[in-house]
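As recorded in TrEMBL, the features of this protein are as follows:
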- 60-87: coiled coil (COILED)
- 95-392: domain 'SAM-dependent MTase RsmB/NOP-type' (DOMAIN)
- Cys203, Ala204, Ala205, Pro206, Gly207, Asn208, Lys209, Asp227, Asp254, Asp274: S-adenosyl-L-methionine binding site (BINDING)
- Cys326: active site, nucleophile (ACT_SITE)
- 403-433: region 'Disordered' (REGION)
- 422-433: compositional bias 'Basic residues' (COMPBIAS)
Amino acid sequence: HVRQLYALVAETLRYSPVLEKLLAGAALLQAEKKLPPQLAKVLVYDLLFGKGLKCGGRWKALARRHRARLEAELARLKVQQKVSRNEDLLAPAQAASPGASQVPRYVRVNTLKTCVDDVIDFFKRQGYSYLGKAASVEELRALSGKKFLLDLDLPELLVFPPQTDFHDNVLYTSGHIILQDKASCLPAFLLSPAAGSHVIDACAAPGNKTSHLAALLKNKGQIFAFDVDTKRLATMNTMLMRAGVTGFQLAQQDFLTVDPGDPKYSKVTHLLLDPSCSGSGMVTRVPGEEAAPSPERLQALAGFQRRVLSHALSFPALRRLVYSTCSLHREENEDVVHAVLQERGSAFRLVNAFPSWPCRGLAAFPGAECCLRASPAATLTHGFFVAVLERCGEGAAAPSVLPVAAEEPPQRGEGTEPGAAPKKRKRKKQRVK
């Protein structure tokens, strides 16, 4: 049921601009004033594009009551756009969201359950052609059909053409792979906690970064994950269990209320902070949906982000922290980091994270180029911002070893003809069949 729900939500988001036009044309929300807009989108998607309504009761009756009007509006929209298939309605909708159609499908291999070699072999057996490790962003941009690459930066990230759908793939449903944008993989990758570390994921749901942290820790150590939303935490718990994550504690708690002096957190050396933000970098957002938040909204978000970042830096044993947002706005990114660094004096410093990464922080203050930015145009990812902070002086972390470029793991598929016999080797991970 969870897998089906993920797939339904993902497809509803993909069709979101089309669904908005259908709802407006059929005046469904005006006729049913108590129907939440997001629920209306799910119902209409399942009714017109999905496998039929799975719900029951009054929602099913409501959707059926408006079926004729919705089908008529769908037919009118097809005629207006001169298309015959439902899928063809997606092209103009995606074009309205800059960058959405060019961002590849990124697949993170969950090393808690398998390894990169075996996942590559699995996809090759499914008819995909493996092209080896990418040498440039342009190679990722040129992907098409059933071809895929190993990412040029992250060693456990596979790259497929845009809109490749794996929600029904057995590797996804079994937790062997995680569908996660490349930019979203950067925070845990750059935090780089050693196995056995105690780590806090301060604003954790929906949990992709948490599962990435667990993989880096090799399930050794402890993860404390916080979120205020009960339902999101429940979903996150299911996802982490499916991914084979152990050694984590979930807490329904506002991170700002967590006591850094609690003995429970006395060994926390690494902290990942991805707080609420405007989301302006997400290319899958509905066009026009708070694309340009008001100055008042930005200031409110930035104020919260400064408070939560300052609070995160107060954990006594903390050595390294990653601050990230999916925002494009300087107010939520460089300005927040600068303000908190000034407040903290010389206790923490910015690390020049990932020097080979092409997009750097805006020149808002001296040293801001140590931060990373990501964008659909330059890095073929969602819009993102990442800053890495380390404690200075006594008790600080060892000299930074943040990556210049990812080391490529040995790949059986490279340099061999398809079907060539691989060398025998011991496997510690669960083999993908």
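Residue numbering: from 1, along the chain as shown.
Any Cβ shown, glycine's included, is placed from N, Cα and C.
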Write down the Cα-Cα distance for Cys326 (active site, nucleophile) and Ala205 (S-adenosyl-L-methionine binding site), rounded and given in Å.
14
Grab the S-adenosyl-L-methionine binding residues from the record (Cys203, Ala204, Ala205, Pro206, Gly207, Asn208, Lys209, Asp227, Asp254, Asp274) and give me their largest CA-CA distance in Å.
19
Hey, of the binding-site residues listed (Cys203, Ala205), which one tops the CB count within 10 A?
Ala205
Under 8 Å Cβ to Cβ from Cys326 (active site, nucleophile), same chain, six or more residues apart: give me those in sequence order, or none if nothing qualifies.
Ala183, Ser184, Cys277, Gly279, Ser280, Gly281, Met282, His382, Gly383, Phe384, Phe385
State the count of C-beta atoms found within 10 angstroms of the C-beta of Gly207 (S-adenosyl-L-methionine binding site), not counting that atom itself.
26
Where among the binding-site residues Lys209, Asp254 do you find the Cβ with the fewest other Cβ atoms within 10 Å?
Asp254
